[in-house]
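What follows is a short report on a single structure.
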Amino acid sequence: MTTIVSVRRNNQVVIAGDGQVSLGNTVMKGNAKKVRRLYHNKVLAGFAGGTADAFTLFERFEAKLEMHQGHLMKAAVEMAKDWRSDKMLRKLEALLAVADDTCSLIITGNGDVVQPENDLIAIGSGGNFAQSAATALLENTELTALEIAEKSLTIAGDICVFTNQFKTIEELNY
């Protein structure tokens with residue numbers, strides 16, 4: 001699987017992800033980019049789940065963003081509705097972490113849209129490790145969102161065998 005973490009602090013939101021693609025117990029690729037910018041570079045998105053499904057999900061989510069003029073919450077709810085009702089999408093076991101200058105959301109394969117506490121998202125196999133690290137750093141340091149995301153992803157990569165140290169990091173300042 002993978003680890004995706006999103007942190008928001010002081011007018012900055014960051015989504016970071018590692019690059020490991022695994023097939024069972026075998027590392028197939030170490031430099032996959034699972035985080036990208038969408039909708040005129042105004043929305044960040046990260047993906048945890050099967051890599052082959054990422055392109056379809058990003059494409060569909062970007063279409064929803066276009067349909068709703070970049071309104072993240074509306075696009076996320078519409079994407080979740082499609083995910084619940086589309087037979088092909090329902091088979092995907094995946095999560096999307098998305099963020100813009102107003103909110104951070106998790107979109108699940110069950111059709112849920114969750115706005116997490118403290119605008120902190122951590123998903124994937126190393127998500128619990130990254131979330132623990134990011135929470136501690138948010139509560140006990142003055143580090144930037146970028147620094148917290150990077151450090152928490154590093155910690156997750158040190159602990160989780162399905163997370164590596166290759167990082168893709170995208171940030172929005174607002």
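The backbone N, Cα and C atoms fix where each Cβ goes, glycine too.
The active site annotation in Swiss-Prot covers Thr2 and is backed by sequence analysis. Per Swiss-Prot, Na(+) binding site is recorded for Gly157, Cys160, Thr163, and the stated evidence type is sequence analysis.
In the three-state DSSP scheme, Gly157 (Na(+) binding site) falls into the helix class. Cα-Cα distance from Gly157 (Na(+) binding site) to Thr2 (active site): 9 Å (rounded to the nearest whole number). Distance between Cα atoms for Thr163 (Na(+) binding site) and the residue listed as 'active site': 5 Å, as a whole number. The Na(+) site is defined by Gly157, Cys160, Thr163, and by the 8 Å test on Cβ atoms against their centroid, the other residues of the chain that qualify are Thr3, Asp18, Gln20, Ser125, Gly126, Phe129, Ala130, Leu153, Ala156, Asp158, Ile159, Val161, Phe162, Asn164, Gln165. The CA atom of Cys160 (Na(+) binding site) is located 9 Å away from the CA atom of the residue listed as 'active site'. Proximity of Thr2 (active site) to non-local residues of its own chain (separation of 6 or more, Cβ distance below 8 Å) is seen for Gly17, Asp18, Gln20, Val21, Ala32, Lys34, Phe47, Ala48, Gly49, Gly124, Ser125, Gly126, Phe162, Thr163, given in sequence order. There are 22 other CB atoms within 10 A of the CB of Gly157 (Na(+) binding site), with all protein chains counted. Its Cβ placed at the centre, Cys160 (Na(+) binding site) has 21 other Cβ atoms within 10 Å.
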